[in-house]
């Protein structure tokens, strides 16, 4: 069976679900069990190709005398060997399409990225910034000052040629980036409420931290209309429609060579890039304290990862348009979906000894390491105190959340148990009163009556026995 598909294939032409213990949120999957060359591990093939490549470099290629070049090439070769090992030997995750090796590759990239972050963390601030020159010589230079915010008029009457120039100036490449980003985040989280909460809370964070990072300073309509309603809102809406289609889709798979028509073969190839099966996420944060804290933790990590994007660029002197910034976003898009599925399975697992998935573990470690780099490289910026009115707002919000948590999971349960006990007592008293009015003894009266009758019977028996003895004598 294919690696990464956690199901047992039925026989050829089988039309029964593959997983008997399927959850109610999981779709039914039908598979003919075809195992082709595409799905095999190819561990020996990869080892042979890797050995040939290393042998060619060692025996046939002349080693350059450039120390810096050799160092870079040695590091890249070491990473490639590790990726080859991981792609063929690492443990499969929950996803298997388009191929399990694809997700094993991103798992290994996560390890490499975390090791890179650890290396940067252990350098001095100056050495860490200058080390990035080995990646790109244009890095390691302080970022130029930029003007953010500016004129926030939607209609600028002073500009006769184009009074809406402020709006057109905001329509840059970040608009489609926001839309695509939130479309993909919705596919990861699979919940409208959580997506909207994260979207709105991040705008509040931008308001709160604009005294630390100048690029957080935006116009009000850029925050709430362009970002929340248009870009983020439209991306979330399209993502929810895609989730609806995926949850209703029939997951029935056949081997490519078992499909008779060319149109069917092309359709099968296209559907190779869709999920093998589908699980609808039901987070249910208010169902228990455990799930409530877990959902709050997920939202916190999401917001922290978003903030790290901006703070890392600031402390490591990376321009927003640099390709490393884009590569980091692509990385999180690929690993985020796997991590969310593993977290959901971890929360939904009924076993007493649960284990967090490997990709979720790495994503959490990466997010924390990025935060530590920001704290070490620019503590002055992070320690700039919040304005008083902003700190008051966050304090009030925290108190409200804490109060609701205590009421929902502690006081409410105690109150409900107390009311239920009172209700049962009242019903018992009412039933006893009704029985007494009807002339029937209540439960306690029955017990008392039985005890009296037994005592009387015992007394009468004793008297009868005494009388019988007297008569005999």
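Every residue, even glycine, has its Cβ placed from backbone N, Cα and C.
Straight from Swiss-Prot, the features:
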- 1-40: topological domain 'Cytoplasmic' (TOPO_DOM)
- 1-25: region 'Disordered' (REGION)
- 12: phosphoserine (MOD_RES)
- 14: phosphoserine (MOD_RES)
- 16: phosphoserine (MOD_RES)
- 41-61: transmembrane segment (TRANSMEM)
- 62-74: topological domain 'Lumenal' (TOPO_DOM)
- 75-95: transmembrane segment (TRANSMEM)
- 96-104: topological domain 'Cytoplasmic' (TOPO_DOM)
- 105-125: transmembrane segment (TRANSMEM)
- 126-291: topological domain 'Lumenal' (TOPO_DOM)
- 159: N-linked glycosylation site (CARBOHYD)
- 292-312: transmembrane segment (TRANSMEM)
- 314-334: transmembrane segment (TRANSMEM)
- 335-354: topological domain 'Lumenal' (TOPO_DOM)
- 355-375: transmembrane segment (TRANSMEM)
- 376-381: topological domain 'Cytoplasmic' (TOPO_DOM)
- 382-402: transmembrane segment (TRANSMEM)
- 403-473: topological domain 'Lumenal' (TOPO_DOM)
- 422-473: region 'Disordered' (REGION)
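Mapped onto DSSP helix, strand and coil, the topological domain 'Cytoplasmic' (376-381) counts 5 helix, 0 strand, 1 coil.
The transmembrane segment (355-375) makes no contact with the transmembrane segment (41-61): fewer than 3 of their CB pairs lie within 8 A, with pairs spaced 6 or more apart in sequence. Secondary structure of the topological domain 'Lumenal' (62-74) per DSSP (helix as H, G, I; strand as E, B; remaining residues coil): 8 helix, 0 strand, 5 coil. Ranking 41-61, 105-125, 292-312, 382-402 by CB pairs under 8 A with the transmembrane segment (75-95) puts 105-125 at the top. Taken residue by residue, the topological domain 'Cytoplasmic' (96-104) breaks down under DSSP into 5 helix, 0 strand, 4 coil. Mean model confidence of the topological domain 'Lumenal' (126-291) amounts to 87 (pLDDT, 0 to 100 scale). Away from its own ends, the topological domain 'Lumenal' (62-74) comes close to residues 134 of its chain (Cβ-Cβ under 8 Å, at least six residues beyond either end). Across the topological domain 'Lumenal' (335-354), the DSSP tally of helix, strand and coil residues reads 14 helix, 0 strand, 6 coil. Listed as Cβ neighbours of the topological domain 'Cytoplasmic' (376-381) (distance under 8 Å, sequence separation of 6 or more from its ends, same chain) are residues 121, 125, 128-129, 212-213, 311, 314-316.
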